[in-house]
């Protein structure tokens, strides 16, 4: 029988529910249990695919092509699993599916209501996420905070699950903030008490509290919360601020969180062996070197827009015993005249993805600086496309060369729309999304980075591609197409072989990086940057 764990939040948003859920998932996985995890987002968008990065941060893409919340990146990195489209559910997605069924007459003339139709659809998503992965345990995080009007159908669905599958198969975990008032010199429990009262008013009694705090929590405070919130005192778990996120699973294990969960759900599983994880954390805490990487992006005011890129750089740094000193460079600020001033102190330069024209000329100048000064450079998605544009302009002398996306009237459309995208008008969910194979060119830097594999599978999110009409001219000038689709139609990786490391990929390698298993192309880039700093 599948066990269901529901993680809710109270008092404030962005309290760390996702990290708590991911950390618990890691502990349960290391007990030998098969775990999956999902995120409920109460916003009305179908998915975050068309949302501004300033609103939502990065869009995380799964193997099967779902555009999802960035928390799924935390889930995959912590638990080291590959999630699917059932792992992210929004209000918009549920309502659109229910309304589509209503239009088809599938409700047989019934009045379609929040209860039971919306809540049934939500419960079906929970069960589908578990069944498609054959999991022993599914952890479901509900975005937002208890009391938000848009969360009510989600919480009602969670309440109903207890009756549907039995109380012994369901556990409710509530995360809250425990503020410390310096003036009073004490922690205040009232916000948590009221949050739990609100949750109980909706019919959900939490079985565990996870309290986010900056200071250590005395046992007396835990006992008080246990008494007023009707949970066992040992089930009041402290989640204190830490230097590195990957410490959190160890901190939760030290408080027997996973054992309490197993006892409640009657899961007979051995103790979690966190030896490898602990060794990784110890290494992270004691890195001996520092490498400066300049990230040239258009959304640098919000680092979450590049969360997976940053984490992938860190992971590759761990493998090289180096901390990553990230220098955020706004692409709008980079010109041919100041590129050396902005980028001259960087050991390596990364140019990540993005959409739209703003900042693209600055990215092109950053790529030009890296090429002309032989600074290790990694381009991702749009960064790969602009690498091709830069080479066309400044090496092949194709004046005005550009991407058709950015300048439809260009004489040299180096990057063009994919053939199967020409007639598509909708923006959401219509890109080339998900896992696709990439055939590597033997002897190339890309092939060496991937240990001379013939083919790798990586996740994509794009609508435009390199225009093959120009391929022969590029190759004649020494531009190497080191990764292509198996049918040789789509360019996946480009590079300049004579440079220390000048490689750009159409796909998003960062989405498959893990703290204890870094992505190979990122690792090759960081390794080259370290050598460049010596």
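Numbers here mean position along the shown chain, with the first residue as 1.
In case you wondered, yes, glycine gets a Cβ from its N, Cα and C as well.
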Candidate sharing the CTP site with 13, 148, 149, 150, 188, 189, 190, 191, 192, 193 (per Swiss-Prot), from 104, 222, 224: 224
Which of 64, 69, 71 belongs with 14, 15, 16, 17, 18, 19, 240, 241, 242 in the ATP site listed by Swiss-Prot: 71
Position of peak Cβ density within 10 Å, selected from the recorded positions 71, 405, 510: 510
Surrounding CB atoms that lie within 10 Å of the CB of residue 381 (active site, nucleophile), all protein chains: 21
PLDDT averaged over every residue in the domain 'Glutamine amidotransferase type-1' (292-534): 94
Residue 191 (UTP binding site), number of other Cβ atoms within 10 Å: 15
Using Cα positions only, nearest of the recorded positions to residue 405 (L-glutamine binding site) (71, 141, 149, 508): 508
Binding-site residues compared (192, 193) - highest count of Cβ atoms within 10 Å: 192
Fewest Cβ neighbours within 10 Å, where candidates are the binding-site residues 149, 382, 384: 149
Cα-Cα distance linking residue 381 (active site, nucleophile) and residue 224 (UTP binding site), given in Å to the nearest integer: 52
